[in-house]
């Protein structure tokens, strides 16, 4: 194997080790550390782009490099770089903890890169646990110790339960097939998928990924974790973490071949409940991060629609949706971070007058929310369209109808946020927001990207289709 194809992981590991060594020194320079994190994350992204197209195995076949994993590693590296751009003012992370913050951020990204390329049950489990434990600590790092610790503990408790269920499922699959490698499982599983023990084992295994994706009933941690974590950490959980969850979920589901009837039915039920619970719960939220958390639960349901189609069109739709989620969610959180410049939580009503305080942020928020709602011509609309078409191709018309009803429901609470930003007046005169030129430029680029990917999605769709074919 060409070790250049493993360069993204090596660079990310080296970056984490560098910040770890830096944390052992007495002196701290937040600005230099932020610049270093930007440079290192950009270097990792460049390595991911340079290694696209490489193929091979390493670690005795336990880790696989193919186009599918490379595409997701590019998304993860891009997500890390985007999050680091928001970390110039980490007002809600104590200065003495900021180097540890970067250590955990790079370690978590490394774990998620390993997760999307894992080809062995052991690597899947270890990577998932490493990324999860990094996130538990990141959530608890918030300056408001009570709120952050409470959220971190809730996140941890749900996580260890999901991990226990998952490892039992892995044991069932290994016992039924005698194989622990995913590519070997892909050859054996289609022939035994109709056995009840195999279906149960696969569902229990998937529950670990459902936890990461915030699928019902593994979503209870999400609202509290989003609300209790620092805003940059919440943004990271909502973007990079979800990209990794979609990647490993699609890889494992693809190993099941055409799948079993029971598996499809269970995934359909989880999809419907996730969409419905997420959207209905979001309507009642006044805290913007809790609203976005329940929105994430609903989007997990949309992703499952593509996955349960169990065909190349469904898998490629899920890959496209991962890209769309990364851009849409990050843009919404960028606005949140800039408006709540003191690092505190942001209520929807506090967006009043945003169109005057910062027109570019108001525009970015509006486009991101319209995209999350699936309004054309945005990347969110294209993502939902691809997912729905894949499902209808397999005859899941009722499921698509329920999803479309949920899209209408979601539009209501997204419009409430847009109404606050454009139509409500603040109770007192507020000064204009001071947004740095680089972040203004980034906001404009993201707006253009969301609209351009809606108008001209063909290139991204082709990449997603090629990535999906690498699984088959």
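Each residue, glycine too, has its Cβ placed from N, Cα and C.
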Original post:
Which is it, of 156-176, 177-197, that Swiss-Prot names as transmembrane segment?
Top reply: 156-176
Original post:
Taking 128-148, 233-253 as the choices, which stretch does Swiss-Prot tie to transmembrane segment?
Top reply: 233-253
Subject >> Beyond the flanks of the transmembrane segment (198-218) by at least 6 residues, Cβ under 8 Å >> reply: 125, 128, 131-132, 158-159, 162-163, 165-166, 168-173, 175-177, 189, 192, 241-242, 244-246, 248-249, 252-253, 256, 260, 262-263, 266, 270, 273-274, 277-278, 293, 296-297, 300-301, 303-304
Subject >> Touch test for the transmembrane segment (291-311) and the transmembrane segment (3-23), at least 3 Cβ pairs under 8 Å >> reply: no
Original post:
In the same chain, who gets a Cβ under 8 Å from the transmembrane segment (67-87) while lying at least 6 residues past its ends?
Top reply: 5, 8, 12, 34, 37-38, 41-42, 44-45, 47-49, 51-55, 101, 105-106, 109, 112-113, 116-117, 231-232, 235-236, 239-240, 243-244, 246-247, 250-251, 319, 322-323, 326, 330, 333-334, 337, 438-439, 442, 463-464, 466-471
